[in-house]
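**Student:** Pulled the feature table from TrEMBL, pasting it below:
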TRANSMEM  128-148  transmembrane segment
TRANSMEM  216-238  transmembrane segment
TRANSMEM  258-279  transmembrane segment
TRANSMEM  286-303  transmembrane segment
TRANSMEM  315-339  transmembrane segment
TRANSMEM  388-410  transmembrane segment
TRANSMEM  430-449  transmembrane segment
TRANSMEM  501-522  transmembrane segment
TRANSMEM  534-555  transmembrane segment
TRANSMEM  575-600  transmembrane segment
DOMAIN    660-726  domain 'CBS'
DOMAIN    757-814  domain 'CBS'
REGION    852-873  region 'Disordered'
Amino acid sequence: MESEQLYNRGYCRNSYNSIASASSDEELLDGAGVIMDFHTTEDDNLLDGDAASPGSNYAMSNGGGVASSSTHLLDFLEEPIPGVGTYDDFHTIDWVREKCKDRERHRKINSKKKESAWEFTKSLYDAWSGWLVVTLTGLASGALAGLIDIAADWMNDLKEGVCLSAMWFNHEQCCWTSNETTFAERDKCPQWKSWAELILGQAEGPGSYIMNYFMYIYWALSFAFLAVCLVKVFAPYACGSGIPEIKTILSGFIIRGYLGKWTLMIKTITLVLAVASGLSLGKEGPLVHVACCCGNIFSYLFPKYSKNEAKKREVLSAASAAGVSVAFGAPIGGVLFSLEEVSYYFPLKTLWRSFFAALVAAFVLRSINPFGNSRLVLFYVEYHTPWYLFELIPFILLGVFGGLWGAFFIRANIAWCRRRKSTRFGKYPVLEVILVAAITAVVAFPNPYTRQNTSELIKELFTDCGPLESSQLCQYRSQMNGSKAFTETPNRPAGPGVYAAMWQLCLALIFKIIMTIFTFGLKVPSGLFIPSMAIGAIAGRIVGIAVEQLAYYHHDWFLFKEWCEVGADCITPGLYAMVGAAACLGGVTRMTVSLVVIVFELTGGLEYIVPLMAAVMTSKWVGDAFGREGIYEAHIRLNGYPFLDAKEEFTHTTLAREVMRPRRSDPPLAVLTQDDLTVEELQGIINETSYNGFPVIVSKESQRLVGFALRRDITIAIENARRKQEGIMLNSRVYFTQHAPTLPADSPRPLKLRSILDMSPFTVTDHTPMEIVVDIFRKLGLRQCLVTHNGIVLGIITKKNILEHLEELKQHSEPLAAPWYYHKKRYPSSHGSNGKPRSRVHHVQLVRSFQDGRAGGDDSDEEAVHLLDGSNL
């Protein structure tokens, strides 16, 4: 009966029945990467996990507790205790317990739905709540993205002037209804006034240029200052991209307030201000954060998700897909981005809901039509020529450039961010933002390609030259009379405008590279997608024009002879810009499949998917040659987030006993006995240690493992017992067994804590290879496992220990062959030299007598379990 009650409370871990009774593969835990913080004080000594872990194949007896003759005992833990099973801030969730709770909730609803019409309605509501919450998330994400796009475009144009006929119109919208615009100067109309015209009354001349220059800097600094002040005062979590933190949260970590309503509101406002300030950043990454905030807020409306952290993360996975969908107008790319880049646990049902959330968000954004072009895609292109086989050479070269740029950017940006954290400069975020914004505005204004909005720059670089294009990049010389003209044939000699644009693009490329390094990581919302794409698009357009001119002047070369005859239409510089943008973004983020899909959805260029794939894979290979980490993983490691990357391979030959705690210099392992502790002794252990959990053993003599109890659950249980139960005193006996121990008649009422005990903690032996342990942690979502030898607890391995071990291995390369003592079979004897079993005490500790690969003593002394009395086990 007791085991059934424990199972109903969700504490039966990984039993055969719980797995066999799962209704679908979605209900099984496939590979959640639950992680453990190793920078926060709460988890610093974390026994180290803050909750129990999935079950073990090892069955342990309760220790033979004797039934008590006192039948009047009140077991107050027969009812659920408020607070037990919840999580503190900066702790990780227990995936297995959360999934077990959800299965039990599902069984309870199914068992009651036939009892009445009301219960049947409740079951329908529960079944449809998942679709309802992702629908609301998609609607809110699309609406906020449309609002951000419209506001950012208007405020960006506000730096240059204002529309007198309608203050809420940006520059393009102001001139839509004007009949006085010309083809060459389609952006000039009487309704739009620059600041020089409003203040000085003149549109041309040095004075007007200086006034426009000054107002541009003034508005840029004002927007940046307001953005950083709002973030610092109201929502510090609203800064940055948000994707590293989203990845960490989706892997099981809890950061209270990061997805809250204040963060949502401040991030939405400051994102508009940061983009309008002209800083080298984008709004696409922060839109993922905004969408996840929406998903988190709406999940609290449904108990199915508000009371289950694992289920809530399924909503967040769908929300991240909706965020990319509205950021780029790429619904399918958003789903793949969530699957490839940010999600750890992604069951099939979450895939469907992510697709639906991305669809709803894209539909809402299309209805708002923030770009005014009746299209969902941001950079729609329409090329008139196919690509040719010989162009794979420059495409691959662009991929090499993207990989080199990505590796350089990651190292430079991480070095700068680390310097910011370690110096006094990082203590003044407002000053840093103002300084970077001032440098950006002063340098950007003289160059038209850096002055304009980055999205508009990418759109111009992607666009193919045609008779309706007035860009300086399309000012070719006509083959008829040598004058500037627009023809339908792109292969023609470049005019002075093209050469001038090339120089300006080279300067813009250098400027974007430098400023993006110093901008990403500022205390304002800052995305990396658009700046990286801009750098790649500039480089690609330069390469495309170079190849185009090379094909024109040397059309008889063997590369061009077959395709590029005189007057033939064979080179499209805009295509090179698109391929370069994908290559640079891939080099920075190391995305592959989702990136290719996002780019061809973003541009509508499905025909050019092969060049995109070639460039993206090349950039990833080149970038991986310098380091396998993308920018988001690098920032996760820099910030100390507890994230165990599933993409990394563990190829070392260490064993569990070398990683477990305690070590020789550490305090001994603190354990609890199952039936001979008092409340005062238990509280003393809790107060004297900072561990978040304690192994429970049979007795001081036996030290056989019984289970694992959480510090938080023990504290809450004792507080509840004192409030609800009479007779609980400091000398009351605490027991974790099925039945109360035999006590004297005058003893105070004992306290039963069996219901908070995880009776099947995951265990490994001390000789288990760490390669297997790391794989288990990744695939089962463990947060800690106990290390045993013949059923005796020796130590514990937590996610924190594994992360520290991986860092140590990165600093010291592992030898190719394992030392001889790794393969030598040895078992510590449980009996002394006299043939009698050794005595055991309350604490045990495994000590290795060889350190750093050097064995000490003879073979029999290589390893020993040291007890507190000085003897060896």
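Residue numbers in this text run from 1 along the chain shown.
Every residue gets a Cβ built from N, Cα and C, even glycine.
Can you tell me where each of these features sits in this structure?
**Tutor:** With a cut-off of 8 Å between Cβ atoms, the residues of this chain six or more beyond the transmembrane segment (258-279) that come close are 144, 147-148, 151-152, 155-156, 158-159, 216, 219-221, 223-224, 226-228, 230-231, 234-235, 237-238, 242, 245, 249, 286-287, 289-290, 292-297, 316, 436-437, 440-441, 444, 451, 515, 519, 522, 524-526.
Within its own chain, the transmembrane segment (286-303) is flanked in space by residues 129, 132-134, 136-137, 140-141, 144-145, 148, 240-243, 245-246, 249, 259-261, 263-264, 267-268, 271, 312, 315-316, 318-320, 322-324, 326-327, 342, 361, 525-527, which lie at least six positions past its ends and keep a Cβ under 8 Å from the stretch.
Panel annotation: around the transmembrane segment (315-339), residues 130, 133-134, 137-138, 141-142, 145-146, 246, 249-250, 259, 283-285, 287-292, 294-296, 298-299, 305, 345-346, 350-351, 353-362, 364-366, 375-378, 529, 591, 593-595, 597-599, 601-602 of the same chain, lying at least six beyond its termini, place a Cβ under 8 Å from a Cβ of the stretch.
Panel annotation: around the transmembrane segment (430-449), residues 213, 216-217, 220-221, 223-225, 227-229, 232, 277-280, 420, 457, 472, 501, 504-505, 507-508, 511, 515, 518-519, 522-524, 538 of the same chain, lying at least six beyond its termini, place a Cβ under 8 Å from a Cβ of the stretch.
Only residues 6 or more beyond the boundaries of the transmembrane segment (501-522), in the same chain, are considered here, and those with a CB under 8 A from a CB of the stretch are 228, 239-241, 279-281, 405, 409, 412-413, 416-417, 420, 429, 432-433, 436, 439-440, 443-444, 447-450, 457, 471-473, 475, 528, 531-532, 534-535, 538-539, 541-542, 545, 631, 635.
Packing against the transmembrane segment (575-600) from elsewhere in the chain are residues 324, 328, 330, 332-334, 336-337, 339-341, 379, 381, 383, 387, 394-395, 398-399, 401-407, 409-410, 458, 461-462, 528-529, 532-541, 543-544, 547, 606, 608-609, 611-613, 615-620, 622-624, 628-632: each is 6 or more residues past its ends and has a CB under 8 Å from a CB in it.
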**Student:** Should anything in the same chain at least six residues away from the transmembrane segment (216-238) have a Cβ under 8 Å from its Cβ atoms, list it; otherwise answer none.
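**Tutor:** The answer is 155, 158-160, 245, 255, 257-258, 260, 262-263, 265-267, 269-270, 273-274, 276-279, 429-430, 433-434, 436-438, 440-442, 445, 451, 522-525.
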**Student:** Please list, for the domain 'CBS' (660-726), how many residues fall into helix, strand and coil according to DSSP.
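**Tutor:** Counting residues per DSSP class in the domain 'CBS' (660-726), I get 24 helix, 17 strand, 26 coil.
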**Student:** What parts of the chain pack near the transmembrane segment (128-148), using Cβ distances under 8 Å and only residues at least 6 beyond its ends?
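**Tutor:** Answer is 268, 271-272, 283, 287, 290-291, 294-295, 298-299, 301-302, 304-305, 314-315, 318-319, 322-323, 325-327, 349, 353-354, 356-365, 367-368, 370.
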